[in-house]
Amino acid sequence: MDTSEDLTESSLLVVVLDVGLSRATTLRNDPALAGQVLEAVIAFSNAHMMMRLKNLLALVACDTETTEWIYPESKADMSDLRQQDGQHELFNELERTVRRKIAQLLKRSAGSNSKGESMLSGALGRALCYVHRMQQEERQLNARVLVVTANGQSVSQYMNFMNVFFTAQKQNVLIDVCCLGPESSLLQQGCDITGGQYFRPPQPQGLLQYLLWVFLPEPLLRNKLALPPRVKVDYRAACFCHRELVDIGFVCSVCLSIVCKFSPICTTCHTLFKTPGTLPIKPKRKKAKLV
Amino acid sequence: MAAEDDGKEYRWETGYEKTWEAIKEDDDGLLDGSVAEIIQKAKRKRMLERKSNARLGMMRHIFVVIDLSECMADQDLKPTRQICTIKLLNAFIEEFFDQNPISQMGIIVMKNKRAEKVSDLTGTAKKHIKALHQVESMPCGGEPSLQNALEMAMRSLKMLPSHASREILIILGSLTTCDPGDINQTINELKEHVIQCSLISLAGEVHICKALAKATGGQFGVVLDDAHFKDLLLLHVEPPPAAAKLEPALIKMGFPHHVTGAVGQSKDAPMLAICMCHLDVPSECKLSAGGYFCPQCNSKYCELPVECKACGLTLASAPHLARSYHHLFPVAPFAELPFNAGDKNDPCYSCQRSYSASKDKNIYKCGRCLQIFCVDCDIFVHETLHMCPGCASHPSTTSQLK
């Protein structure tokens with residue numbers, strides 16, 4: 001490998017941590033697990049920083065109420081930085097910042113008892129803005145995003161998620177997902193679109209091991225490793241009326257919303273359609289092909 | 001003439017402008033800062049002009065007409081007009097299909113007073129890129145014929161169903177056109193069929209070009225240099241507002257799921273077959289078991305989106321439709337606020353950059369979630385992300401539909 005290139009290249013990892021984790025059903029039975037997840041993420045972040053001198057890290061957290069920027073802090077207090085227990089100062093600072101801010105976030109959201117979805121798309125949006133800024137500041141920067149979440153079923157944020165995925169694809173940013181909850185087809189699509197790795201650890205207790213195994217290697221190295229195979233992604237569309245997956249549906253030509261049965265009025269944009277009498281226009285198009 | 005037409009004066013008829021006064025040196029005597037500011041202002045202005053909730057022609061059918069007359073060999077655009085055009089069109093096609101995945105495009109070239117179709121209306125970018133590659137090596141010659149090209153495009157476009165938005169984009173290097181008949185009649189016919197014609201002239205403003213664009217509701221532009229040429233081209237990536245005559249319709253569409261080829265493992269496993277999309281190009285035919293199967297007639301395709309050749313059903317996947325949603329639900333423009341260095345300000349909400357008095361003259365505030373953004377994020381959010389990170393961070397403002 002070319003060593004000179006090695007020194008100039010840096011890789012940015014943005015970890016998006018969904019701390020709405022503790023509310024997910026798989027983790028509710030075992031409250032200690034949420035703590036373990038945090039430990040694992042911090043250790044994994046340190047491991048990423050250790051890989052190369054110029055590696056960068058950022059961490060965004062989200063829960064059902066809000067998203068919070070955790071690391072790096074814009075006005076970090078570096079004055080009382082000193083070694084403790086032989087740990088590298090930077091790692092120490094990272095760990096303390098993350099713990100302090102996550103605790104703040106949890107305290108704030110402890111009062112509210114909303115059962116909604118995590119604001120994952122907002123956190124991803126902030127992550128991509130940060131990547132955009134860093135890409136402008138730094139010449140050679142490989143960036144990727146790792147999402148650690150337990151609830152990825154976010155139907156109401158579908159459009160936001162899709163915008164995030166397409167933006168990431170344009171920016172050349174991989175989105176990796178470590179899913180601790182039930183399978184999420186939306187996040188699977190995101191991984192497939194951006195070329196990232198989707199993985200659902202069979203045993204959340206061993207999270208750190210899985211993180212180091214699957215998500216630590218850089219994208220360039222990944223095809224040389226034996227990683228979990230790509231999941232098969234279902235790209236079928238869900239109709240807007242019943243949220244069911246459809247094979248053949250009707251699409252409104254004005255707003256592109258999908259319905260499973262013909263209806264004379266579009267529910268999204270309130271356009272009036274002519275009765276099915278106009279539908280047999282279809283053969284005309286075939287004629288156009290022949291001409 | 002233009003003054004009579006739309007009340008706008010020509011540049012040389014307007015009052016005396018001191019254009020150099022807009023550019024000011026910063027503290028270090030550099031101009032970069034103020035030039036960047038002018039560019040940003042122009043970008044924001046374009047953003048504000050965009051109306052939300054306008055009805056757009058989403059299913060676009062566009063013919064790109066390329067002039068290949070002898071004028072295209074001129075070297076005022078580097079290296080030549082022809083090569084520069086092809087290069088920019090390559091980028092345009094990629095971007096066009098990225099933003100309008102269920103739309104279709106065709107390419108026509110004009111040379112020696114004839115029009116020649118180099119690629120028919122299809123929805124796959126690859127075919128057009130390949131066709132453009134051929135065009136690049138074609139010799140330029142003769143005069144173009146605007147009328148012949150328009151007629152040819154119209155013959156294909158007028159057959160389309162009434163919900164389809166029809167456009168012609170002409171890139172013209174010549175100042176003349178050699179037509180067999182009365183072009184005004186053709187323009188009237190185009191108007192009748194609601195075909196929007198836009199022109200980009202590489203040479204200069206010609207009356208008939210402007211009249212054509214104006215009559216059919218298109219845009220007309222003359223390029224200043226290659227950067228401006230690119231800007232003019234990329235304007236056409238955004239879907240145009242739907243013409244009033246466009247009839248809305250519900251279109252039947254198929255959403256096939258991908259079947260991976262594992263031969264002979266079970267009874268349901270697909271047999272080895274050749275896909276329908278490459279039937280006519282024997283050299284690229286690949287025998288495989290996997291692919292996308294039309295849910296109506298079970299024909300096999302190796303790529304989406306595509307129109308089924310057997311039953312005419314449009315086949316697409318959900319992300320293809322999702323790619324176009326941002327045109328319909330754009331992020332509302334942020335309010336511009338002056339930045340005071342004295343105030344205690346949090347860093348930019350999304351990129352965490354602290355504001356500095358030298359770089360940030362203004363900061364931007366989202367009207368819904370009231371978060372503050374820097375200028376880079378403002379542009380990034382509106383041009384690329386199409387989602388406000390602040391609004392997406394709160395349950396009350398998450399949904400864009402309301």
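Numbering starts at 1 and runs along the chain as it is shown here.
Glycine is treated like the rest: Cβ placed from N, Cα and C.
As stated in TrEMBL, the feature zinc finger covers range B:294-311 out of the listed B:186-203, B:240-257, B:258-275, B:294-311. Helix, strand and coil content of the zinc finger (B:294-311), in residues and according to DSSP, is 0 helix, 4 strand, 14 coil. The average pLDDT for the domain 'VWFA' (B:61-212) in the predicted structure is 92.
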